[in-house]
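Undergrad: TrEMBL lists these features:
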type    : residues                                                                              : note
BINDING : Gly16, Ser17, Gly18, Lys19, Gly20, Thr21, Arg139, Val148, Tyr149, Ser212              : GTP binding site
BINDING : Ser38, Arg43, Ala64, Leu65, Val66, Gly95, Phe96, Pro97, Arg98, Gln102, Arg172, Arg183 : AMP binding site
DOMAIN  : 139-174                                                                               : domain 'Adenylate kinase active site lid'
REGION  : 37-66                                                                                 : region 'NMPbind'
REGION  : 138-175                                                                               : region 'LID'
Amino acid sequence: MSALKPLRLLLLGAPGSGKGTVTSRLLKVYPGIQSISSGDLLRRQIAQKTHIGLEALNYTSKGALVPDSVITKLIVDDLKENIINPQVQHWLLDGFPRKVSQAEDLDAALKPAGEKSVFNLVVEIDVPQSVIVERITNRRVHVPSGRVYNLQYKPPKVPGKDDITGEALVQRLDDTEEIVTKRLNDYNALVSPLKKYYRDLGILKTVSGETSDIVFPKLLDVIQNKI
Ligand SMILES: Nc1nc2c(ncn2[C@@H]2O[C@H](COP(=O)(O)OP(=O)(O)O)[C@@H](O)[C@H]2O)c(=O)[nH]1
Ligand SMILES: Nc1ncnc2c1ncn2[C@@H]1O[C@H](COP(=O)(O)OP(=O)(O)O)[C@@H](O)[C@H]1O
């Protein structure tokens, strides 16, 4: 694969659009990319019953957004600790920011001097929302790793077990049809101003497709040719 120039990528996309799926495929092509998923970070906090996890659960279990003060500090601290250093050339964020106030706070905290934003590329994954409810109700996850499965599209080798560790897969509390509908409505209300924020900075691209098999090659092309 062609060498990458420094990549600081934000993946945007509706719940169930395939952000986690294309991230895992991207990391297979470019193992050097560090990735952070806000949802996975929160689920690990919840599983560990930390103070942040217990607070976040009040929101995630209802499909409501966690307060900016909680999620922004969690992400900024993780970026400062693990990502923003000379050893990490390529990284991506999935799930944060998901509203303009978060984008502004993140850039205020971490935008490199002379750069437009903490990101140098923002890619929106555009999938017909008609396919999302079925995808999400068939989603199963391995919380410690964030690995994602699907009973129809990508079943585990052993039913109910993670392919790598053999540990149990779970259905997320927020992956019910009722809660997904709420999360989709929230996403649609917030994503347009957020896309404008990055479009105005000249770093937004959109890749469309019905399936991740169509979306992923387009994402790869944008990353290899854009940066
Ligand atoms: N049927 C189908 N399911 C997919 C496709 N891409 C991803 N999925 C599944 O849809 C669900 C949501 O994908 P995920 O990557 O978790 O989306 P995210 O919420 O945007 O991170 C998971 O169960 C995936 O395995 C696809 O092209 N077709
Ligand atoms: N940037 C964020 N701001 C507020 N809450 C968030 C954020 N990212 C994740 N969350 C919380 O975690 C839940 C799961 O997020 P995520 O795994 O990204 O789900 P999805 O991609 O399916 O929307 C969200 O429904 C929300 O409650």
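In case you wondered, yes, glycine gets a Cβ from its N, Cα and C as well.
Whatever TrEMBL says is automated annotation, not expert-curated.
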Undergrad: Please report the DSSP secondary structure of Gly16 (GTP binding site), reduced to three states.
TA: coil
Undergrad: Rounded to the nearest angstrom, how far is the Cα of Arg172 (AMP binding site) from the Cα of Gly16 (GTP binding site)?
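TA: Gly16 (GTP binding site) to Arg172 (AMP binding site), Cα-Cα distance: 12 Å.
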Undergrad: What binding-site residues in Ser38, Val66, Arg98, Arg139, Arg172 place CB under 6 Å from ligand 1?
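TA: Going through Ser38, Val66, Arg98, Arg139, Arg172 in sequence order, those close to ligand 1 turn out to be Arg139.
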Undergrad: Give the number of CB atoms, excluding that of Gly20 (GTP binding site) itself, located within 10 Å of its CB.
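TA: I get 23 for this one.
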Undergrad: Output: those binding-site residues from Ser38, Val66, Phe96, Arg98, Arg139, Tyr149 whose CB lies less than 6 Å from an atom of ligand 2, in sequence order; none if no residue fits.
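TA: Checked binding-site residues vs ligand 2; flagged Ser38, Val66, Phe96, Arg98.
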Undergrad: Reported as an integer number of Å, what is the Cα distance between Arg172 (AMP binding site) and Gly20 (GTP binding site)?
TA: 14
Undergrad: Using a 10 Å radius around each Cβ and all protein chains in view, which of these binding-site residues has the most neighbours: Ala64, Val66?
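TA: By the 10 Å Cβ neighbour count, Val66 comes out on top.
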